[in-house]
Every structure is written in structure tokens, then in C-alpha cells.
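Novice: I am attaching a structure below and will ask some questions about it afterwards.
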């Protein structure tokens with residue numbers, strides 16, 4: 001690793017610090033990290049809708065689980081609501097965007113009833129899970145959904161099928177006691193943002209109890225979740241402190257904290273901004289790991305690096321695993337709209 005000059009990693013430029021009377025530390029920066037293709041697409045849909053239709057554009061639920069992103073979109077004219085009945089009658093000709101996490105079938109049906117124009121920003125990989133669940137159901141199987149109760153993605157997936165057609169299993173302990181309506185006719189799908197290792201344990205236990213359990217045609221856990229967890233696994237050993245940039249309601253970010261601890265980090269913490277770091281508890285450190293959940297923008301990663309540089313003689317070590325090139329198209333209604341350089345910087349989390 002050079003001791004001076006610029007080092008570039010996924011859009012981040014880092015000036016290696018000159019010698020100073022500060023404690024030297026290394027920041028091990030994971031790659032890939034931050035925005036995935038589904039998050040990028042969802043944010044882009046809201047920005048494009050604002051350019052095409054003007055403010056306000058309503059968004060049902062946080063478009064992605066990150067306050068920095070949500071507040072940035074609010075500043076541009078987006079209004080976030082939890083339910084469609086919060087949209088005032090005088091604004092019902094304005095578009096409403098469904099979040100990247102997906103929605104139950106009842107939500108677009110409700111929008112149609114209210115004569116609302118909606119744009120679905122559901123991540124295509126979440127939509128794939130919906131299709132997998134519906135295929136199990138068409139084949140006459142009861143669907144087991146491995147996921148976290150109350151998460152918007154789980155609510156959306158369960159809402160694709162009639163009530164009672166899906167059972168939620170969260171843990172190996174749940175799998176131990178689960179009693180299906182027909183043990184010989186089961187199919188499973190998973191939430192896309194789970195711990196890869198934890199999910200494998202749940203699936204293994206379900207297969208032990210129900211040998212005829214049918215897997216989906218393709219893995220439900222998304223590429224970005226898998227890649228970020230693998231990068232953290234490789235970077236965490238030897239870290240005195242591991243920071244994950246992400247929101248407390250971000251499933252994939254919380255899983256990264258768990259992965260870091262299991263992989264050998266002495267301490268792992270979830271933070272939304274550099275201002276949340278409790279420096280009084282950091283203690284003696286020489287190696288810091290840093291990653292970001294799939295809905296966390298790169299600008300906050302840079303903010304945290306600079307916060308460490310203010311206090312330490314920090315050198316950044318890149319811990320890249322795989323390169324991500326995935327890209328998802330936005331809705332047809334928006335493909336003709338052009339974004340400025342500033343728009344793209346926001347969409348890319350810069």
C-alpha cells in the first residue's frame with residue numbers, strides 16, 4: 001500500500017496522510033460495499049419521476065432504508081407516506097412510487113381503486129422471489145418463507161399469496177418446531193437480505209425434517225447481500241473495530257455487523273453517520289474494518305474515513321473481493337428522461 005498519493009476505490013479518492021503525531025491505524029475498506037443495483041434503480045425512479053412529473057412525488061414507505069437518502073429525496077420534492085390513504089385528494093394525479101422492498105398485491109389494487117398512477121420500484125430480485133413463491137403455490141405447495149417478521153420485504157412476499165398460503169420461519173429454532181399443513185408438499189423461498197450462513201442452517205434443518213421440501217429454481221438471497229457478506233468475512237479477522245454504515249431498520253446492514261463479529265472482529269458497530277461514532281468507547285485500535293449496507297451511500301463512507309483521519313494517522317487498505325456490474329432498467333414510463341451529472345451523483349450516493 002503506498003504511503004503517499006492518491007488511491008482510488010469504487011469512486012472514493014483517498015489521500016494517504018503524511019506523518020503526524022497521531023496514532024497510526026489502518027482502515028480496511030471492504031469492496032463491494034454500499035448501493036446495489038436494486039437500490040440504485042429505486043432512487044433513480046424517484047428522481048426521474050420528480051423530473052418528469054414535478055413535485056410532489058409520493059413514495060409509499062422509505063424508498064430504501066437510509067435516512068440520508070430519504071432526506072435528500074424529500075429536499076427534491078418527494079413525500080413519504082406509509083399508506084396510500086395519506087395522499088390528499090388534490091394530489092391524486094401525482095405519481096406514487098412503491099419502495100424497493102416490494103409490496104403486497106393489495107397495495108397496487110388499492111392504488112387502482114383510488115385511481116392513482118403508481119410506479120413500482122420493487123427490486124427485480126425481490127420480484128423474482130415473489131414469482132418463486134407464486135410458482136410453489138401454483139404447484140400446490142405450501143410456501144415456507146425464511147425471513148424476519150415485520151420487514152417490508154417479508155410483508156410484500158407474504159402478500160403475494162392468499163392468507164394462510166405462506167408460513168414464516170425465522171430461525172433454526174423455528175424450523176425445529178414448525179408444523180406444516182402437509183409435510184410432503186412444501187416449497188421454500190427466502191428474504192433477499194439474510195445472512196447467507198444463518199439461512200443455510202435454517203434450510204438444512206427444514207430439509208432434515210421435511211425431505212420433500214422443494215427449493216426455488218434459483219437462490220433467493222441476492223448477489224449484493226452475498227458479496228458484501230463475503231467481503232466482510234475476509235476483512236474482519238484482526239480488526240479491533242468494524243464499522244458498518246447502515247440504518248437500524250436495514251436488514252442487510254445488520255447482518256453485516258453479525259458477520260463481522262463471527263469472522264473475528266473484536267467489536268462491530270452499525271452507524272448511520274460519522275457523528276454517531278462514540279469515540280470514548282473506541283479504545284486502543286490499530287486495525288479498523290469499514291463496510292456499508294446496500295442502501296448506504298458512499299458519501300457517508302468518505303465522511304467516516306475523514307472522521308478517523310481527524311483523529312488518527314490513518315492509512316486505507318482496500319479489501320476488494322469481486323467487481324459488481326449489475327444494472328437494472330427503470331420503468332418504461334421513465335426511460336426517456338435524462339438525468340444531469342448532479343442527479344447521477346445523488347443516485348450513485350456520491
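Each residue's number is its place along the chain shown, starting with 1.
For all residues, glycine too, the Cβ spot is worked out from N, Cα and C.
From Swiss-Prot, here are the annotated features:
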type	residues	note
ACT_SITE	153	active site, proton donor
BINDING	36, 123, 222	[4Fe-4S] cluster binding site
BINDING	65, 101, 151, 250, 251, 252, 295	isopentenyl diphosphate binding site
BINDING	65, 101, 151, 250, 251, 252, 295	dimethylallyl diphosphate binding site
BINDING	65, 101, 151, 192, 250, 251, 252, 295	(2E)-4-hydroxy-3-methylbut-2-enyl diphosphate binding site
Novice: Please name which of the binding-site residues listed here, 101, 123, 192, 222, is nearest in space to the residue listed as 'active site, proton donor', Cα against Cα.
Specialist: 101
Novice: Greatest CA-CA distance (Å) over the residues 65, 101, 151, 250, 251, 252, 295 that the record ties to dimethylallyl diphosphate?
Specialist: 15
Novice: Measuring Cα to Cα, how many angstrom lie between residue 65 (isopentenyl diphosphate binding site) and residue 192 ((2E)-4-hydroxy-3-methylbut-2-enyl diphosphate binding site)?
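Specialist: With the alpha carbons as reference points, the distance is 14 Å.
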Novice: Just counting, how many other CB atoms are there within 10 A of the CB of residue 250 (isopentenyl diphosphate binding site)?
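Specialist: Summing over all protein chains shown, residue 250 (isopentenyl diphosphate binding site) has 24 other Cβ atoms within 10 Å.
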Novice: Of all the binding-site residues given, namely 151, 192, 251, which is spatially nearest to residue 123 ([4Fe-4S] cluster binding site) at the Cα level?
Specialist: 192
Novice: Checking your reading of the structure: which of the binding-site residues 101, 151, 250, 251, 252, 295 lie inside a 10 Å Cα sphere centred on residue 36 ([4Fe-4S] cluster binding site)?
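Specialist: Final answer, ordered: 295.
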Novice: Identify which of the binding-site residues 192, 251, 252, 295 has its Cβ surrounded by the largest number of other Cβ atoms within 10 Å, counting every protein chain shown.
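Specialist: Ranked by Cβ atoms within 10 Å, first place goes to 295.
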Novice: For the [4Fe-4S] cluster site given as 36, 123, 222, which other residues of the same chain have their Cβ within 8 Å of the site's Cβ centre?
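Specialist: Other same-chain residues with Cβ inside the cutoff are 37, 38, 39, 100, 124, 125, 126, 192, 193, 223, 224, 225, 294.
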Novice: At the Cα level, what's the spacing in Å between residue 295 (isopentenyl diphosphate binding site) and residue 222 ([4Fe-4S] cluster binding site), rounded?
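Specialist: Answer for this pair: 14 Å between alpha carbons.
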